[in-house]
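Read through the structure below, which is laid out as structure tokens, and then see the notes.
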């Protein structure tokens, strides 16, 4: 009934309707009963200070509520409020109980954690104690081993001393025994010698008589043997001479035997030369694609693949300038059509700086034309001496036996085909050169000759007159260098990184940009030097711990290659023009010298100091339009352009 006192009012009470208003207080009603009693003081007890006004209002409100039409609803509202309070109290009680249970579980968990930590600490202490005990046991065991080792060493030392003493005693005994035996032997020999000498002195006459009798008997035996043999041979020869049939048969047999011996000797030599020309390989040939019987027996699968292979593109794997590509492609097409139509092959000269692809083009030309190729070097001819002429004839005889046609490639031809008038060459080398000129003087439908040289101006004039086509291989420019870098980067880095068992790894960076940058930094380098740079990338990756090729490693290899190239140029410059050594870029056309704008270029410095002369773009072409020779020098060994010449 708390609503009677004006407490616990909420939204539910408002929904049931407002309670009836309290009646207004009557004036003079408060304390009226007290005034009727007079001024007599009220008795003082525990209820003396109690104010019954609230009870009166409550009783009045209860009476009014009983007569009100909302009495039942108010009662229900009061009951519902009481139930709500009870439910709230019960929920709080449940929460208190849950909190108590949670507190108990936390206490149990804390106890378990403490117990676990205690067990862990006990375990750790046990392990530490066990380790300490094990350490003590190991130390005791090691001390025992050391003591045992010391004891064994002491015993071994004593045994060695004992053995040494016994060996010394035995050696002394043996020496004494040998000494006594030697004395006894000497005494015995001396006694026997004395006895033998005495016996010989006493029997000297008998011994001489025995020697005389033996010599007489031997002489009689030899004389009788000679007489008997002479008689037998004489009778046999007399019987042979008197019989004409035997004499005729003997003469015919000896004649046939001599004819057979000489015929077999000559036939064997002819057969050997035929087999060598057809099946063997001349000694001057270093490498050939021509199939021999021995090679077919050793590698039948590879030989069958080569026989079934189709002609390849002449420029596959070869990077050249566009103008040079067009020219060599025309040469390849002409050579292939010449083979198809069984025409006469032309002789070709490939000249230019080293490492520009001359040998590779010769191989590709042979494979593209369906011909066999054979590679020889000019430096192998001079050491042969007197055998050079025979070897040269064998080489061309072997070339004429090719059914598919043979491309004979001579690398470093300037080492052999030098000028006979000015160069000091031996008589044997001169004879070999004459034999070579004889075979080169006429065209053939069996072979074509391809010469490669870095110094073609040293050729004999007879060689120059026999050359049909001259092709100049130049150093690669920016575009060709970038193509070369990409080609060798793909062959030496990308393919090993994705194929094969022993793979190398490649870091992530812009490969195209890096190839372009390397092509820019390798200005002046040949194709061979760029290929060596790619191989150094691969070797650096294999030499690293993780096998990863990074951009920094590539940059280091490029810097090293550039430094090596500059060092080579310094060496080349130090040789000087009088030593017969030329700069790789000298004697070439103007488009190659575009990177040499000033003579102060550090790659080819002027010996006279600072120089401002420019290079003639017509140098080495023979087409200089100026009034002066383009071979003029600035005074420091640096050629410059005379007035009227086009400059680079």
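Positions of Cβ are set from backbone N, Cα and C atoms, glycine also.
Listed in Swiss-Prot for this protein:
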TOPO_DOM  2-246  topological domain 'Mitochondrial intermembrane'
MOD_RES   2  N-acetylserine
COMPBIAS  17-26  compositional bias 'Pro residues'
COMPBIAS  32-48  compositional bias 'Basic and acidic residues'
COILED    69-214  coiled coil
COMPBIAS  111-125  compositional bias 'Basic and acidic residues'
INTRAMEM  247-264  intramembrane segment
TOPO_DOM  265-648  topological domain 'Mitochondrial intermembrane'
BINDING   352, 353, 354, 355, 356, 357, 358, 359  ATP binding site
MOD_RES   427  N6-acetyllysine
MOD_RES   495  N6-acetyllysine
Near-site residues: ATP, ref 352, 353, 354, 355, 356, 357, 358, 359, CB cutoff 8 A to centroid
350, 452, 454, 473, 526, 527, 528
Counts of helix, strand and coil residues, the compositional bias 'Basic and acidic residues' (111-125), according to DSSP:
15 helix, 0 strand, 0 coil
Near the Cβ of residue 359 (ATP binding site), how many other Cβ atoms are there if near means within 10 Å?
17
Count of other CB atoms lying within 10 Å of the CB belonging to residue 357 (ATP binding site):
24
Spatial neighbours of the intramembrane segment (247-264) far in sequence, C-beta under 8 Å, 6+ residues away
240-241
Neighbour count, 10 Å Cβ-Cβ cut-off, for residue 495 (N6-acetyllysine): what number do you get?
11
Mean pLDDT over the coiled coil (69-214): what is the value?
90
The sparsest Cβ environment within 10 Å, among the recorded positions 358, 427, is found at 427
Over all shown protein chains, what is the count of other CB atoms within 10 A of the CB belonging to residue 355 (ATP binding site)?
20
Cβ neighbours of residue 352 (ATP binding site) where a neighbour is any other Cβ within 10 Å:
23
C-alpha spacing of residue 495 (N6-acetyllysine) relative to residue 352 (ATP binding site), in angstrom
31
Using Cβ atoms only, which residues of the same chain lie under 8 Å from residue 356 (ATP binding site) while being at least 6 residues apart in sequence?
473, 474, 475, 476, 526, 527, 528
Between residue 495 (N6-acetyllysine) and residue 357 (ATP binding site), how many Å separate their Cα atoms?
22
DSSP secondary structure for residue 359 (ATP binding site), reduced to helix/strand/coil, please.
helix
Give me the Cα-Cα distance between residue 354 (ATP binding site) and residue 427 (N6-acetyllysine), rounded to a whole Å.
30
If you count the other CB atoms within 10 A of the CB of residue 353 (ATP binding site), including all protein chains displayed, you should get 23
